[in-house]
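Here's what Swiss-Prot has on this protein:
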- THR59, ALA60, GLY61, GLY62, ASN63, GLY64, LYS65, THR66: ATP binding site (BINDING)
Amino acid sequence: MIEKIWFENHPVKYLLWPLLWPLSLLFGAISRRQKAAYQRGAKASFQASIPVIVVGNITAGGNGKTPVVIWLVEKLQQLGFKPGVVSRGYGAKAPVYPMVVDSESLTSHCGDEPKLIFERTGALVAVDPIRPNAVKRLIELGANIIVTDDGLQHYALQRDIEVVVVDGQRRFGNQQLIPLGPLREPTSRLQNVDFIITNGGDAHQGEIAMSLMPDMAVNLMTGEKVAVNELASLVAFAGIGHPPRFFKTLEQLGADVVVSQGFADHQDFDPEAIAKLAHQGKNVIMTEKDAVKCRRFAQNNWWYLPVSAQFSSHDQQRILQRITEVVKEYGSSTA
């Protein structure tokens, strides 16, 4: 219901406005006060000895940050860097922090997005709610550039480049602060970032257009790859920030979807509930982020659809040129 108020101008907003408006004002006041405390030095803000790139957003929910992080990490690896990725591990609880993600890490300990980033890139990934501690650990392990998955509002960590990802279709909704609207910070915050990446929809002036390009469906058990439109009677589910985006992609690919089920972002799946859902079709299709949580109890007819961020060559060059400039300021070199 809350997203209908934020993005769809639902009539119930008139009933909830008197309650949510003062809470939104309070949220804004607290956020401004905390940010100001870091800016004037009243609160400590960690400056790393290597470049830090923050990939975040100014709205609550998923906008496509993780594909951007993966794209950045892969490009940096191609250029000879040893990138380290920082995440707070949303929804997870590690036995110890900072936690360095590896092939044996449970998503309940590290989070689904950190595990996905590790599996896709093989990069160093560290999880800690206190992000500077994760950065320090990654530097100890040999990272020479940091990419943070989310953390735009985590001012305890200084950064050199800020990248904001925007949902190109939903944009900023009613443009109100949480909880009245989806904003973590006012839209004026965008004036101070290095890049605004628009995921789908129409990029506004000065923004970088990104599309998420789907690959072939991958079997969770065997790794076999097939075109998604060759799979019959699909049960599709997604536990991401905006599940309809995934279902729309399947529709555009001509997939034979008989059931679609959305779940909350970062939700832990009950194996029995997912198995019951799966019985409604011949095959199951899910997002790659969901696959890292489902692999331990997957069946032979379960598939996931990987997607990759894609930019124009001009925009790629813009982003990489800015990174090169920052690296030179540090006097760093590739690995």
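From the backbone N, Cα and C atoms, a Cβ is placed for every residue, glycine too.
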Assigned conformation of THR59 (ATP binding site) - DSSP reduced to three states: strand
ATP site shell beyond THR59, ALA60, GLY61, GLY62, ASN63, GLY64, LYS65, THR66, criterion: Cβ within 8 Å of Cβ centroid: ASN57, VAL165, ASP167, GLY241, HIS242
Sequence-distant neighbours of GLY61 (ATP binding site) in its chain (C-beta under 8 A, six or more apart): GLU3, PRO182, GLY241, HIS242, ASP265
Neighbour tally for GLY64 (ATP binding site), based on other Cβ positions within 10 Å of its Cβ: 26
THR59 (ATP binding site) CB neighbourhood, other CB atoms within 10 A: 26
Number of Cβ atoms other than its own within 10 Å, given for GLY62 (ATP binding site): 21
For ASN63 (ATP binding site): intrachain residues, at least 6 apart, with Cβ closer than 8 Å: ASN57, VAL165, VAL166, ASP167, ASN199, GLY241
